[in-house]
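Worksheet: one structure, shown below.
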There are 2 protein chains.
Amino acid sequence: MTHGRAAAPPRFPVTAGRPGRGLRQNYHMPLDPEIAARLKRTPDGLVPAIVQQYDTGEVLMLAWMDDEALHRTLTTGRATYWSRSRREYWVKGATSGNIQLVKQVALDCDGDTILLKVDQVGAACHTGDRTCFDADVLQANGPS
Amino acid sequence: MTHGRAAAPPRFPVTAGRPGRGLRQNYHMPLDPEIAARLKRTPDGLVPAIVQQYDTGEVLMLAWMDDEALHRTLTTGRATYWSRSRREYWVKGATSGNIQLVKQVALDCDGDTILLKVDQVGAACHTGDRTCFDADVLQANGPS
């Protein structure tokens, strides 16, 4: 820091609180480099995350994560995504209360897809449906 | 076709067979326009397809479809994808025998993700694992 000037605001949020009490020290640390090295991202830096109800196996939705969203998901236990339309982080259920408690996080064989097993509180879909796939079945019991 | 030369191979596969028997007339017709109008595609014209074992609920893999791959999947009953790396259509199991018999196809609420419920013959993953998510669990029984 340059002497003789007022301190500039920090470029990234810092965590308030006394050390050892309420200070989530991992919150603003980057994603574990060993995990980051295994991710294969889109040109936008994102990885699709399939979200599944951990006990029933229902596929609830698909969302997108960047490294920071994955880091927050792993460290907070609440599913956190990157909203491509709003261009911001999005803690699922932060406004609706329909949160997702993280039970398991896995990467696929290529490192380009995440599978998130969660316990979904309430409806996963913003339409009020339990899953985002309930309303629009194109084909059932098709040829096999 | 030019006379006096050996016939060039057709640029696209054509279907052999007598009309009315083995002639899959829908095969080269485009995707139903009513379905096509509901798809929201990436800039590359693709939609991610989550593939799930229809009876156990296992999430097997994620692959990508364009309109033609979805059309082929709906009309043949065999899961067919677009390979982003090889830039070609890919009938799952065509070489390995580990085909996917399509049981249900659904679109999500935004029209930007497909959920394919299939009956997977053998392993879904090219590594030989049952699913592409078996090998790399980042976190299990995390904070909730």
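Note: Cβ is positioned from N, Cα and C throughout, glycine not excepted.
Please treat TrEMBL annotations as automatic predictions, because they have not gone through curation.
On a predicted model such as this, the values are computed, not experimentally measured, just so you know.
Listed features, source TrEMBL:
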- A:ASP108, A:ASP110, A:ASP112: Mg(2+) binding site (BINDING)
- A:CYS109, A:CYS125, A:CYS132: Zn(2+) binding site (BINDING)
- A:61-133: domain 'Phosphoribosyl-AMP cyclohydrolase' (DOMAIN)
- A:1-27: region 'Disordered' (REGION)
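It is A:CYS132 that, of the binding-site residues A:CYS109, A:CYS125, A:CYS132, has its Cβ surrounded by the most other Cβ atoms within 10 Å. Note on A:ASP112 (Mg(2+) binding site): other Cβ atoms within 10 Å of its Cβ, all shown chains, come to 17. Cβ-based crowding with a 10 Å cutoff singles out A:ASP108 as the top-ranked of the binding-site residues A:ASP108, A:ASP110. Distance noted between the C-alpha atoms of A:CYS125 (Zn(2+) binding site) and A:ASP110 (Mg(2+) binding site) is 28 Å. A straight line from the CA of A:CYS132 (Zn(2+) binding site) to the CA of A:ASP110 (Mg(2+) binding site) spans 25 Å.
Per-residue confidence over the domain 'Phosphoribosyl-AMP cyclohydrolase' (A:61-133) averages out at a pLDDT of 96.
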